[in-house]
Amino acid sequence: MNPVFLESTIGTSYDSIGIDLGKDKINIRGVKMRTAVYPGSFDPVTLGHINIIKRSSKMVDKLIVGVLNNSNKSPLFSVEERVNMLKEVCKDIENVEIEAFEGLLVEFLKEKNSNIIIRGLRAISDFEYELQIAQTNSSLDPTIDTIFLVTDVEYSYLSSSIVKEVAQYGGNVDQLVPRYISGLLKEKYNYKEDKNE
Ligand code: PNS
């Protein structure tokens, strides 16, 4: 007998109750469950990222936000901090899970039984890089598709790098990130200043 599953990290919806058929999961309405992965560095998560998370989570049964643990980069926030901050700011969004991953994104998707990658597009300048990533992933695993969501216009200039640039000089980032994240940025930069004294 196939096990019945009930999965919900945050809240419960009927679509998150169903039958596990091994590779596939069928929800209570008999429809194959669709899981998408929204990958990124999220160092830190911005209001632009949250905009993409909210909109894409409505299109799938489950959205996994994959936080890249990249040992070649030296992020401001550790991967644990980035995962925790995403958990906090996404706690009210149903069907969203936050997980760290390392290595190839396509392997992470395989592990999660997903073949949909979500990415945000802010401006034409993003396109070349995003096209390269999408085509690389598709050549590594042709069953994977990348869906691009155009970021709402008020966030089109916004990036984690811009947030860090402003925050490190004491600028106000309350319009760029959730309050919780601006508090953490203040702590992080104050802490660094103290350390250098
Ligand atoms: O937020 P970012 O830094 O633009 O996200 C980049 C990310 C995480 C999507 C990309 O670097 C990635 O998927 N890295 C994992 C390694 C990998 O799979 N590389 C092949 C595709 S470029």
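Note: Cβ is positioned from N, Cα and C throughout, glycine not excepted.
Copied from TrEMBL, the annotated features are:
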{"type": "BINDING", "residues": "Ser41, Phe42, His49, Gly120, Leu121, Arg122, Glu130, Tyr155, Ser156, Tyr157, Leu158, Ser159, Ser160, Ser161", "note": "ATP binding site"}
{"type": "BINDING", "residues": "Ser41, Lys73, Leu105, Arg119", "note": "substrate binding site"}
{"type": "DOMAIN", "residues": "37-165", "note": "domain 'Cytidyltransferase-like'"}
{"type": "SITE", "residues": "His49", "note": "site 'Transition state stabilizer'"}
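Around Arg119 (substrate binding site), the same-chain residues six or more apart in sequence whose CB sits under 8 Å from its CB are Tyr38, Pro39, Glu130, Ile133, Ala134, Thr146, Ile147, Phe148, Leu149, listed in sequence order.
Counting only residues at least six positions away in the same chain, the Cβ atoms of Gly40, Phe42, Gly120 sit under 8 Å from the Cβ of His49 (ATP binding site). Comparing Cβ neighbour counts within 10 Å across the binding-site residues Ser41, Ser156, Ser160, the minimum falls on Ser156.
For Leu105 (substrate binding site), the same-chain residues 6+ apart in sequence whose C-beta sits under 8 angstroms from its C-beta are Val37, Pro39, Gly66, Ile117, Asn137. For the binding-site residues Leu121, Leu158, the ranking by surrounding Cβ atoms (within 10 Å, all protein chains) places Leu158 first. In three-state terms derived from DSSP, Ser41 (ATP binding site) belongs to neither a helical nor a strand segment and is classed as coil. Once Cβ contacts within 10 Å are tallied over all protein chains shown, the binding-site residues Lys73, Glu130 are led by Glu130. Secondary structure at Leu105 (substrate binding site), taken from DSSP and collapsed to helix, strand or coil, is helix.
Distance noted between the C-alpha atoms of Lys73 (substrate binding site) and Ser156 (ATP binding site) is 24 Å.
Among the binding-site residues His49, Lys73, Leu121, Ser156, Ser160, no residue has its Cβ under 6 Å from any atom of ligand 1. Of all Cα pairs drawn from Ser41, Lys73, Leu105, Arg119, which the record names as binding substrate, the longest spans 20 Å. Note on the domain 'Cytidyltransferase-like' (37-165): its mean pLDDT in the predicted model is 96.
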